[in-house]
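K.L.:
Annotations per Swiss-Prot:
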- Cys10, Cys13, Cys32, Cys35: Zn(2+) binding site (BINDING)
- Pro143, Thr144, Gly145, Ser146, Gly147, Lys148, Thr149, Leu150: ATP binding site (BINDING)
- 1-51: domain 'ClpX-type ZB' (DOMAIN)
- 50-76: region 'Disordered' (REGION)
Amino acid sequence: MAKYDSHLKCSFCNKSQDQVRKLIAGPGVYICDECVELCNEILDEELYDGNTPPAAAPAGGRRETPKKPSRSLPSLAQLPKPQEIMRYLDQYVIGQEKAKKVLSVAVYNHYKRLAAKANPGSVGVSELDEVELQKSNILIIGPTGSGKTLLAETLARMLDVPFAVADATTLTEAGYVGEDVENILLRLLQVADMDVEEAQRGIIYIDEIDKIARKSENPSITRDVSGEGVQQALLKMLEGTIANVPPQGGRKHPYQDCIQIDTSNILFICGGAFVGLEKVIEQRIGKKSMGFIKPGEQLSVSREQRMANALKALEPEDLIKYGMIPEFTGRLPVVATLDPLDEKALEAILTQPKNAILKQAQKLLRMDGVELEFEPAAIAAIAKEAYRRKTGARALRAIVEELMLDVMYEAPSRRDLKYIRITAEMVERRSTRELIPHPSTLPKPESA
């Protein structure tokens with residue numbers, strides 16, 4: 001360190017010694033603390049490859065993660081239109097037409113808002129250019145296995161943006177055992193390879209959001225750290241804030257480096273089954289049958305169908321009565337409701353989507369040289385059993401995996417298996433062993 005002299009200057013930025021905190025002397029040159037810090041940042045940017053963490057920030061300070069080149073936001077002309085989004089969703093999601101239309105419009109408007117922020121003045125009308133477009137997050141309500149998560153991840157795949165899924169049941173208010181809400185952002189950041197700019201244009205799906213409803217309609221004297229407390233913690237994140245995210249996850253503490261993420265451009269989609277919400281709606285309108293079914297038919301209507309009928313009359317006040325605080329409900333203005341899946345819908349899910357479960361099984365066996373075919377009656381039997389289990393489309397894969405176990409086990413080692421036909425009887429027995437002859441029953445090759 002050189003002795004104090006107001007005439008000494010940094011050889012790089014030309015600032016005098018009284019303009020900087022430190023001035024380091026070398027053989028005929030001087031460098032200030034600000035230029036040293038700048039050099040460190042330049043080295044970090046050049047050496048950082050996305051996997052090796054950047055150099056630690058000085059004690060008490062924060063250093064932003066060096067940014068890799070990010071894809072720019074698409075222009076308004078490049079954005080897929082709602083009808084294009086709808087057609088893409090149709091390839092992967094069966095039914096749920098109203099929900100797909102709601103999501104298509106909401107997602108299009110969200111990324112149109114981002115395009116407007118990136119290109120101010122794009123409207124061309126001066127009084128409209130000054131209008132600020134607010135973010136509209138989405139709430140999806142539907143029974144288990146109806147396609148809530150599938151819709152969200154399909155949207156993210158089409159738009160080619162980072163997508164992360166979080167479970168609301170693991171979250172607690174800051175200071176209590178459990179995950180901080182900022183860990184949701186860390187998952188998105190990890191999917192984006194720690195690229196902050198890329199993560200800030202992504203989509204986060206928060207599942208089981210109904211599980212953080214407060215325990216009673218009236219505010220409680222005791223702390224509700226996994227219910228109302230989590231809703232309060234999520235408010236700013238949903239609305240848009242600069243959040244400090246610990247890069248290693250876990251709880252934050254004052255002496256660790258944090259990555260700052262702006263959530264104002266992140267689209268949040270929350271989903272939940274909201275079991276019992278139909279009772280709240282029916283109580284509000286004062287009708288037990290809801291007017292959607294004839295008198296005397298109530299006993300024949302399933303709980304899922306009763307829920308679907310009730311959701312047609314859903315109002316924000318019903319969600320508040322259920323246990324969502326008014327501020328939280330207000331930050332999810334777009335609501336999409338999903339219908340329960342009947343047997344016909346489950347049959348379609350087995351065969352029609354691009355990545356249908358039966359198509360996946362056929363592809364796996366074709367790789368072993370085996371052609372697989374399902375009789376229509378077998379498909380109907382699988383759908384019937386899945387409907388009986390009351391877990392929606394999730395049951396389909398479990399049934400098919402159980403049914404195909406023996407075939408998948410034998411096929412890679414057997415050259416005599418060229419064609420397999422699955423019947424309804426096999427589905428009912430959950431076994432395909434009769435299709436596979438035991439090696440001892442095959443004719444022995446003639447000796448030379």
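Including glycine, each Cβ sits where the backbone N, Cα and C put it.
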K.L.:
What does the structure give for the C-alpha distance between Cys10 (Zn(2+) binding site) and Thr144 (ATP binding site)? Integer Å is fine.
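P.N.:
Given the Cα positions, Cys10 (Zn(2+) binding site) is 66 Å from Thr144 (ATP binding site).
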K.L.:
Could you list the residues of the same chain, at least six apart in sequence, whose Cβ is under 8 A from the Cβ of Thr144 (ATP binding site)?
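P.N.:
Looking at Cβ-Cβ distances below 8 Å from Thr144 (ATP binding site), excluding near sequence neighbours, one finds Ala273, Lys390, Thr391, Gly392, Arg394.
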K.L.:
For Cys13 (Zn(2+) binding site), what is the secondary structure by DSSP, using just helix, strand and coil?
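P.N.:
The residue in question, Cys13 (Zn(2+) binding site), is coil (DSSP, three-state).
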K.L.:
For each of the binding-site residues (Cys13, Cys32), count the other CB atoms lying within 10 A of its CB, then report the residue with the highest count.
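P.N.:
The residue with the most neighbouring Cβ atoms within 10 Å is Cys32.
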K.L.:
So what sits near Lys148 (ATP binding site) in its own chain, CB-to-CB under 8 Å and at least six residues off in sequence?
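P.N.:
Listed in sequence order: Ile140, Gly142, Asp207, Gly271, Gly272, Leu338.
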K.L.:
Report the same-chain neighbours of Gly147 (ATP binding site): residues 6+ apart in sequence with Cβ closer than 8 Å to its Cβ, ordered by sequence.
P.N.:
Val93, Ile94, Gln96, Leu338, Gly392, Ala393
K.L.:
Helix, strand or coil at Ser146 (ATP binding site), per DSSP?
P.N.:
coil
K.L.:
Three states by DSSP: which one describes Cys32 (Zn(2+) binding site)?
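P.N.:
Looking at the DSSP assignment, Cys32 (Zn(2+) binding site) belongs to a strand.
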K.L.:
I'm checking region-level scores; what's the whole-number mean pLDDT for the domain 'ClpX-type ZB' (1-51)?
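P.N.:
Mean pLDDT for the domain 'ClpX-type ZB' (1-51): 75.
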